[in-house]
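K.L.:
What Swiss-Prot records for this protein is below:
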- L121, G125, H126, L127, S356, P357, F358: (6S)-5,6,7,8-tetrahydrofolate binding site (BINDING)
- H229: site 'Plays an important role in substrate specificity' (SITE)
- K230: N6-(pyridoxal phosphate)lysine (MOD_RES)
Amino acid sequence: MLKKDMNIADFDPQLFQAIADETRRQEEHIELIASENYTSPRVLEAQGSQLTNKYAEGYPGKRYYGGCEHVDIAEELAISRAKELFGATYANVQPHSGSQANSAVFMALLQGGDTVLGMSLAHGGHLTHGSHVSFSGKLYNAVQYGIDEATGKIDYAEVERLAVEHKPKMIIAGFSAYSGIIDWGKFREIADKVGAYLFVDMAHVAGLVAAGIYPNPLPHAHVVTTTTHKTLAGPRGGLILSACDDEAIYKKLNSAVFPGGQGGPLMHVIAAKAVAFKEALEPEFTAYQEQVVVNAKAMAKTFIERGYDVVSGGTDNHLFLLDLISKDITGKDADAALGLANITVNKNSVPNDPRSPFVTSGLRIGSPAITRRGFKEEQSVELTNWMCDVLDDITDQGTIERVKNQVLELCARFPVYG
């Protein structure tokens with residue numbers, strides 16, 4: 001018999017210490033990685049439930065195992081809430097990650113070797129949008145578009161030119177490091193012009209979309225994917241959505257997830273997704289997303305005022321890229337210096353970056369996590385000035401130590417889990 005008082009601390013003190021140290025790091029460090037967020041205790045409760053014990057291959061009402069009547073309810077709740085949240089007529093909540101959701105879309109709509117047109121990783125796209133190191137670039141003929149160097153915005157004329165030239169079977173819109181607002185309708189016009197599917201990856205802005213702050217791609221795209229963490233602030237996982245009202249596509253998508261790419265779904269994670277979707281339907285979630293954008297704009301503006309270059313000159317969403325080329329600082333060194341001051345960012349390539357992806361010339365900065373712990377515009381500006389103090393001279397240990405102490409004081413005032 002398994003006793004309820006079993007615990008990690010007694011059985012595996014090494015692992016327990018690692019978990020405790022990470023918990024402390026999250027409380028004492030300021031998190032600015034745009035793809036990270038803090039999920040709620042309710043989501044953590046669902047994810048740590050006994051649903052983790054249940055195998056449930058298949059879909060609600062059509063499983064390959066018995067005893068699924070209760071987990072069916074959990075999955076049906078997640079599906080119905082996802083549809084309501086985004087205005088979808090189809091939702092698959094089983095993908096284990098955003099990349100696996102994207103893989104399922106490729107599998108459902110394409111054949112190996114088909115041409116796809118996606119945003120270059122070097123210009124803000126994602127690995128799964130056609131990068132040569134990803135399945136999307138290895139198994140398919142990937143053509144890449146980028147941004148206009150003068151404006152920092154997507155060059156729709158280039159997208160259309162490449163689409164007409166290469167006749168892709170699928171066009172991918174979406175990003176991992178782009179601070180503008182995408183014109184989903186323009187992408188659909190281009191896709192229709194060449195007879196392509198439009199696939200939107202809204203992983204980074206799904207929370208903003210759910211709150212009505214960022215344009216919803218569902219009315220324009222054949223298929224939309226997202227992660228369920230990031231701005232949605234749920235558990236780590238993936239989601240596929242559609243409002244194209246094409247049952248044939250829906251069937252292909254379901255088959256591509258199971259049995260095409262996955263076996264048993266993670267029912268404890270699906271339950272956690274259901275909780276997160278319910279949270280996102282609450283009015284408080286909209287207020288949170290509005291503050292996310294306010295904070296990001298305030299940070300970008302402050303960096304510019306302090307003499308730093310921001311790609312595209314600002315942001316319209318939750319993130320922006322800091323271009324450090326003019327400061328002759330690598331993203332790697334900037335990341336390390338800020339880390340010593342308890343500020344967590346990630347190095348990131350900037351458009352036409354002369355340095356390798358392992359070094360880079362920029363930082364990607366996002367506001368979802370700091371906003372989640374209660375930061376407003378005042379704290380965001382204060383934090384940005386501290387970051388500039390560190391970046392002005394990354395070798396100044398006195399400044400780094402001073403900023404670290406300021407960060408610790410600020411974190412104590414705004415705990416993640418109060």
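Even glycines carry a Cβ here, placed using N, Cα and C.
Quick caveat, the model's predicted, so the values are computed rather than measured.
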K.L.:
Please report the distance from the Cα of L121 ((6S)-5,6,7,8-tetrahydrofolate binding site) to the Cα of the residue listed as 'N6-(pyridoxal phosphate)lysine', rounded to the nearest angstrom.
P.N.:
19
K.L.:
Among L121, G125, H126, L127, S356, P357, F358, which the record lists as binding (6S)-5,6,7,8-tetrahydrofolate, how far apart in Å are the two most distant Cα atoms?
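P.N.:
Overall maximum Cα spacing for these binding residues reaches 17 Å.
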K.L.:
Please report the three-state DSSP label of H229 (site 'Plays an important role in substrate specificity').
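P.N.:
Looking at the DSSP assignment, H229 (site 'Plays an important role in substrate specificity') belongs to neither helix nor strand, so coil.
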K.L.:
Please work out the number of neighbouring Cβ atoms within 10 Å of the Cβ of H229 (site 'Plays an important role in substrate specificity'), leaving out its own Cβ.
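P.N.:
Total other Cβ atoms inside 10 Å, all chains included: 26.
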K.L.:
Which one is it: of the binding-site residues L121, L127, which Cβ has the fewest other Cβ atoms within 10 Å in this structure?
P.N.:
L127
K.L.:
Name, in the order they occur in the sequence, the residues of the same chain whose CB lies under 8 A from the CB of K230 (N6-(pyridoxal phosphate)lysine) and which sit 6 or more residues away.
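P.N.:
Sequence-distant Cβ neighbours: A34, S35, E36, N37, A203, H204, A206, G207, P368.
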K.L.:
Whose Cβ, among the binding-site residues G125, P357, has more other Cβ atoms within 10 Å than any of the rest?
P.N.:
G125
K.L.:
Where does L127 ((6S)-5,6,7,8-tetrahydrofolate binding site) sit in the DSSP three-state scheme?
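P.N.:
SS state of L127 ((6S)-5,6,7,8-tetrahydrofolate binding site) = helix.
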